[in-house]
Amino acid sequence: MTHQPAIPTLSSADPEIAGLIEAEAARQHDKIRLIASENYVSQAVLEATGTVLTNKYSEGYAGKRYYEGQQLIDPVELLAIERAKAVFGVEHANVQPYSGSPANLAAYLAFAQPGDTVLGMALPDGGHLTHGWSVSATGKWFNAVRYGVRKETGRVDLDQVRDLAREHRPKLIFAGGTAIPRTIDFPAFAEIAREVDAVLVADIAHIAGLVAGGAHPSPVGHAPVITTTTHKTLRGPRGAMILSDAEHAKAVDKAVFPGLQGGPHNHTTAAIAVALGEAAKPGFRDYAHAIVANARALAEALIERGYDLVSGGTDNHLLLVDLTSKQIGGKPAAKALDAAGIELNYNTVPFDPRKPFDPSGIRLGTAAITTRGLKPEHQPLIAEWIDRTITAAVAEDTAALQKISAEVRELLSAFPIPGYRA
Ligand SMILES: *Cc1c(COP(=O)(O)O)cnc(C)c1O
């Protein structure tokens, strides 16, 4: 039972860290990983991240660097850029942002001044911290106005978006979020942004893999600027990209470097290129659609067991479950599920009467379990385990959790993961 690629040198040089990495690989193998922002990257992506490219400084862009020795780094970054442009059908790609949060910060730097008004989705309704939430630098340094979802439908309230945009005339409008189980209507956002002359930023961090695989409508042609992480449904290394039309390209590049960052993480850039190469293959379309099929099947199975899904279901990889009717908070439910071998996160639900650190809901996603080959036919069993766990948690029956985790491990033993040889 070892990490793949194997880490024999690390194991003798630093057994303490190596031991933790080996144990984490086993943990990732033994759990049903339903954290909506996580995945299993391929061994090729893992290998690319662990290379000598980490040794190189490359401030600047291909052909215009501030350090010598870029003969091989330039082609790596250019390949990543070309692949990003081809996979998403965009005119420009910047592959240097360190992660999703800095990518969004670069969008602010490129298209707004401190104190300007920006419009983003409220965090408790499914938005991201960097869309102007109060505790984020973006909420402190900008005048952030927030939209949410409709109480009756759990879906983004586009009338509210339009009203707020007309009233506040934001410089930037963010579309997208971290807990949105439904299709994002990019054309509707684009119309609103056009009317008030705002730059529409589509943050597709969660759904990038679905967009790449044709399982969610693309924002291209509607949003001139698109930010995304590379490590969620897109199944690449931890990193991010900013995609844009030609008109906004220069401002994006200037904002990332020298505006916000120093040297790009070249080992990550290489791994992004590898992941984009995988996303360009026909099998990735099947993967993206299989993620959605699994999410739908899991949603149906949970609804059948009396669970209350925000918006009543899902169009993508993500489910948000309101546990109020089950007499348990999201946090104790998530902790019990983890003990039962089912890993997810507690989450606020829209109009949550409870506190963010102890909210009413749990968030589930199917990107990782789809990578390891679980199918719609497995979803009723996962829903049954979730239901048994929550019943056991309410009854404080810890023995039941142990039993479920053994059943989980038994099923998963037939579904290998990249990164670990059982
Ligand atoms: C995950 C996420 C981010 C931030 O990504 P990090 O890599 O964690 O900084 C930004 N926006 C959205 C919508 C996200 O889901």
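Glycine too: its Cβ is placed from the backbone N, Cα and C atoms.
Taken from TrEMBL, the feature (6S)-5,6,7,8-tetrahydrofolate binding site applies to Leu123, Gly127, His128, Leu129. Residues annotated as domain 'Serine hydroxymethyltransferase-like' in TrEMBL: 10-386. As annotated by TrEMBL, N6-(pyridoxal phosphate)lysine applies to Lys232. Look at TrEMBL and you will find His231 tagged as site 'Plays an important role in substrate specificity'.
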Highest CB neighbour count within 10 A among the binding-site residues Leu123, Leu129? Leu123
Checking the binding-site residues Gly127, His128, Leu129 against His231 (site 'Plays an important role in substrate specificity') with a 10 Å Cα-Cα cut-off, in sequence order, leaves none
Helix, strand or coil at Leu123 ((6S)-5,6,7,8-tetrahydrofolate binding site) [DSSP, three-state]: helix
Across the domain 'Serine hydroxymethyltransferase-like' (10-386), average pLDDT on the 0 to 100 scale: 98
Distance between the residue listed as 'N6-(pyridoxal phosphate)lysine' and His128 ((6S)-5,6,7,8-tetrahydrofolate binding site) at the Cα atoms, whole Å? 14
Centre the Cβ atoms of Leu123, Gly127, His128, Leu129, go out 8 Å, and tell me which other residues of that chain have a Cβ in range of the (6S)-5,6,7,8-tetrahydrofolate site. Gly120, Met121, Ala122, Gly126, Thr130, His131, Gly132, Trp133, Ser136, Gly177, Thr178
